[in-house]
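Annotated features, as they stand in Swiss-Prot:
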- C60, C62, C75, C78: Zn(2+) 1 binding site (BINDING)
- D535, D537, D539: Mg(2+) binding site (BINDING)
- C894, C977, C984, C987: Zn(2+) 2 binding site (BINDING)
Amino acid sequence: MLDVNFFDELRIGLATADDIRRWSRGEVKKPETINYRTLKPEKDGLFCERIFGPTRDWECSCGKYKRVRYKGIICERCGVEVTKSKVRRERMGHIELAAPVTHIWYFKGVPSRLGYLLDLAPKDLEKIIYFAANIITSVDEDARHSDQTTLEAEMLLEKKEVEQDRDADLADRAKTLEEDLAELEAAGAKADAKKKVQNAADREMRHIRERAEREVERLDEIWNTFVKLAPKQMIADETLYEELLDRYEDYFTGGMGAEAIQTLIRNFDLEAEAESLREVIRDGKGQRKLRALKRLKVVAAFLRSGNDPAGMVLDCIPVIPPELRPMVQLDGGRFATSDLNDLYRRVINRNNRLKRMLDLGAPEIIVNNEKRMLQESVDALFDNGRRGRPVTGPGNRPLKSLSDLLKGKQGRFRQNLLGKRVDYSGRSVIIVGPQLKLHQCGLPKLMALELFKPFVMKRLVEKSYAQNIKSAKRMVERQRPEVWDVLEEAIAEHPVMLNRAPTLHRLGIQAFEPVLIEGKAIQLHPLACEAFNADFDGDQMAVHLPLSDEAQAEARILMLASNNILSPASGKPLAMPRLDMVTGLYYLTLIKGKEEFGGQGAFTEATEQGPATGVYTSLAEAIMAYDRGVLGLQAPIHVRIDHLRPPAEVEAEQFPDGWQKGQTWTAETTLGRVQFNELLPWNYPYVEGVMDKKNQAVVINDLAAKYPMITVAQTVDKLKDAGFYWATRSGVTITMHDVLVLPNKQEILDEYEAKAQRIEKKLARGKINESERYQSLVDLWKEATDFVGESVEKLYPDDNPIPMIVKSGAAGNMRQIWTLAGMKGMVTNSRGDYITRPVKTSFREGLSVLEYFNNSHGSRKGLADTALRTADSGYLTRRLVDVAQDVIVREDDCGTKQGVVLDVCTPVLDANGEKTGEFARADFVETSVLGRFLAADAIGANGEVVCEAGTVIGELELAELVKAGVETIKARSVMTCGTATGVCSTCYGKSMATGKKVEIGEAVGIVAAQSIGEPGTQLTMRTFHLGGVGGDITGGLPRVQELFEARVPKAKSPIASVDGKIKIEDDDAFFTLTIIPDDGSEEVVYEKLSKRQGLATLGTGGVERPLRDGDHVKMGQQLLKGAADPHEVLRVMGRRGVQQHLINEVQKVYRDQGVAIHDKHIEIIVRQMLRRVTVIDSGSTEYLPGSLVDHSDAVAASKEAVKTGGRPVEVRAEIMGITKASLATESWLSAASFQETTRVLTDAAINKRSDKLIGLKENVIIGKLIPAGTGIARYRNIQVQPTEEARAAAFTLPSTFGDGFYGDEGYGEFTGASVPLDDLGLH
């Protein structure tokens, strides 16, 4: 078998008949499979042992040779080679066909490759292949030309003969008529009798003339057809063809079926055809040119690849190894078999029958029918159902053909090659493990024992608990007490990987150090839940064990949970306190008055009556007061601190030279807040204030930016412990009694009900219409809901647990409290419109039957939406991964001078709109500017260089840029990166997950796809109704899909193609807009613009208004409401314009949902969408006009052409949707495993495509290490040099090398001496 590590590319091509015979070990001649009595394969059948190898290891079929000693011998009795039965997975056979057949992929695929090659319409081709029409394969032009006069004379003679016969017949008939009339005359017949005879004679004579005329016409047709006869001419009329064959068979050859096609292909001159097609392309126009271009693609593919086009017509077909199409016996003695065996059996039966008919010399019509059936059976074997009705098995189920085995989710690619199951894994339910450290997980003992079984067995033998592996295995299975101690050692410092499906981003798999626990559930650290999106309501997780030292090192260094605190999408920490922990820390840092519980012992000023109270000389003293019950946790106090750093302003004031540990300062704070600050690093400035979720996030973000990961991990762990501790002690729980109901709610609702009645009366009197009533009622009841809600909010005291949970940011929001205690308010129906009767009750009071019914519409739609969204989001992620999977950081710096211009800050204006000289951050700088390298010096407002080119922008640099008033910067971006495949580290910038410059080998494409796809489920499915807009404005997930697929939006808006003033003309149903360009060029007119869609709005000075006559518009500005078409944006604004448009539009959708994603992730996908260009003029290059090529390849080819004095290639930028871009990838393996498998493979085979194995998918498919991370080529040849201590420790193993390792008396006893490696040459 091939070793995947010994080849660098994989090529696919067309197999010729000789190739198929060379692969084969013998011909399958019989349709039989297994003898049902002996259960042995039939000789020459589909499972024949002589062809495919023995069914039992080292044993021939007849049993003459058994055992391995006869290896390689071929039995003279049964002809079976003595070898391993595994060869039945590799050895192929073949079927010699009695008549050639076409390969359905090349004939029936779209476009039909055979049709393009031979210039035949697919319909005509089908008629020929399936014996419904004849085709001329060759014509002897010279012979026809030289004999034409003779043949013409013969034809004229024949025509003359026909005419003479006609005349003779007519004369005879006329004579007979005269005689008949004379007889009647003599007999004195009446006139009508004579007339009858006359009419009959006339009719007969007319028939004679018509017959002769038809005969002459037929002869003319035969002659004209013969004179114009040309190769590839189809003759559908069977009798005409027979006549031609009778008369002129020496001058032409023809036929029907695949044989005729085979003859045409063999006579086909590819080079001459290519030349004539190029001529047509040069001189032709319109459809003719287009067809020539398409045909040239196919012809050039065969020329370039060296494939023999005859491979599209098969003389023999391969039979795949029997183990890949097995037949197994079921319990009842019946057999279950693969569908392929049925399909092969049909082919063999029909083939044998055809052979027999040919031997018997059967009539041509019967033979042709049998050939057609053979063709159909081969079609069904290759691709069942592609043409006509599929062949069905029992129960009318279509049989699975070879193509079906590759296609779809259950096909070979996605099911077996990209979705392998792995050993050393287990799964169980997860429960919370609050006592764990961030890098730990609790592993059930039984599961750990099974996972680490080989390691435990090895240790048991090493420690002499067991004599050999077999007894060690028995000990493990019986769970002897010694096993548990050994297991503890085996798992020490051996990380395991936990995974929760669905793995939406890379933090869905993380490594943890296992801690053995009782029970059968896996314990998960509470802070890891956010990344896994896990909760403890029955979720399950899988455990995987990294085996090799390299895998363990990767798991520990790269995947350990404590090293993966930041989100790769936005760079924000994910391991944050949540839920109970947030409530606990919020409670800890609250401040309470003296009279409240928890506020006792608060600070009071010194008076004449006595000294100040609530002042403490040290933290210890305050804690002692708290323990005695004198001081409350949340009471404001003054305390002297010397072990925590003071806030920045206190430090600046009291310690100008900087604070040192041990220096004291007085804090006005609470005991709880001091305890909170003790959880943070000692040199982090003291944090004062109530710590709700937002503030906690600010602190942790700050820590992540300024401290090493290990410190952050320890800090969040401490916060988790304190959070749980104080949440328990705060007594925050929810009971029915905590839900307070508004006492005067009924009165409020009665007021609004009266207003609603007034609106209904207005409708009845015709003062308002239906839509105005609807809008008025919706507004009224929304106002009522808000009023009730706000009243409820005021009703709750601060110490009520429900608002406490909401205010701390742990869970829920105020609107949920309104629903719980106020009123539910307006609900929607399944169409998304409001039901005008609101739900007036709260959940505390309970809903009435009608209210419950109304409410269930919207709830049901919500659930259905969620289900649809999950599937759609998953499919989007799959397409994104596919398009970006080969974007890997390949080099440190591509050296480009290009970059993108980004906004950093905006001037702050005063009330009069004048500049104040100060600057504020521009919107969204965190997701656009941070983490990038400067491509040019950043110049401040005063002209000084603030940051030089090549600086990476972090929080500090950003603050400097804003302070200096740098409004825009030019930064490096993946969209302008010069690296041919993948991107360079400098253009990508900092990795969001580490905060450092991205390393070479990082799979940034997949990280980008995951970052965009992972929040996809949170996006809404809804399309928004905007009043008066033609159709709906798409939003949420469908909008993201529309953008990435580069589709024309539903409510498409035209965009201004020039800068200029706008003139609006308004007729009944449409607008006509005219732009008068600033540069005085020709006016641009946009006609028939829908009024329903409405004019675009302009935002001026915070006020939005529609476009007006005389307004100035900029190039690229939308003229109507709706969305711009990306293809239009590309045409008007160019590549850079459309890139920015797509990024802004995608970000708009995510920002609406409050999801932070860095622009660079979207940039990577957009870069892949704009990678290809269309060749308009090929210049001096090899490209065909109209073909899609890689932009970087086109640039390289142009440079090469110009060097040699040629013309460069002329191209047009293209924007491709992600599905199309995935299928247009260089790698045919990756494209075939994505979608349209058969089409991709057909195309790849004709072009003899070579897969360079650059991306990730293609390497996974063939089983190689992926070329990313540590698997990239530059890291592959690293040698590890062990230290002497490591060598000694690693090799203290039982060994049989020479003396000295074992005592002389007890041979086989282990002495524990280390193996001297130097003598063995192992290093």
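Note: Cβ is positioned from N, Cα and C throughout, glycine not excepted.
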The most crowded of the binding-site residues D537, D539, judged by neighbouring Cβ atoms within 10 Å of its own Cβ, is D539
Going by Cα-Cα distance, which of the binding-site residues (D535, D539, C894, C977, C984) sits nearest to C62 (Zn(2+) 1 binding site)? D539
Indicate whether C78 (Zn(2+) 1 binding site) is helix, strand or coil by DSSP. coil
How many whole Å apart are the CA atoms of D535 (Mg(2+) binding site) and C977 (Zn(2+) 2 binding site)? 41
Between the binding-site residues C75, C78, C894, C977, C987, the one whose Cβ has the fewest other Cβ atoms within 10 Å is C78
If we check Cα distances from C75 (Zn(2+) 1 binding site), which of the binding-site residues D537, C977, C984 wins as closest? C984
Any idea what the Cα distance is from C987 (Zn(2+) 2 binding site) over to D537 (Mg(2+) binding site), rounded to a whole Å? 44
Out of C60, C62, C984, the listed binding-site residues, fewest other Cβ atoms within 10 Å surround the Cβ of C62
Of the binding-site residues listed as C60, C78, C977, C984, the one whose CA lies nearest the CA of D537 (Mg(2+) binding site): C984
Looking at the binding-site residues listed here (C60, C78, C894, C977, C984), whose Cα lies nearest to that of D539 (Mg(2+) binding site)? C984
Please report the number of other Cβ atoms within 10 Å of the Cβ of D535 (Mg(2+) binding site). 11
I need the neighbours of the Zn(2+) 1 site defined by C60, C62, C75, C78. Which other residues of that chain put their C-beta within 8 angstroms of the C-beta centroid, in sequence order? E49, S61, G63, K64, Y65, E76, R77, G79, V80
What does DSSP say about D535 (Mg(2+) binding site): helix, strand or coil? coil
Can you list, in sequence order, the residues of the same chain other than D535, D537, D539 whose CB lies within 8 Å of the CB centroid of the Mg(2+) site? I430, A534, F536, G538
For C62 (Zn(2+) 1 binding site), which DSSP three-state class applies? coil
Apart from the site residues C894, C977, C984, C987, the 8 Å Cβ neighbourhood of the Zn(2+) 2 centroid comprises E891, D893, T896, R972, V974, T976, G978, T979, V983, S985, T986, Y988
Between C894 (Zn(2+) 2 binding site) and C60 (Zn(2+) 1 binding site), what C-alpha distance do you get in Å? 62
For C987 (Zn(2+) 2 binding site), just give me the three-state DSSP call. helix
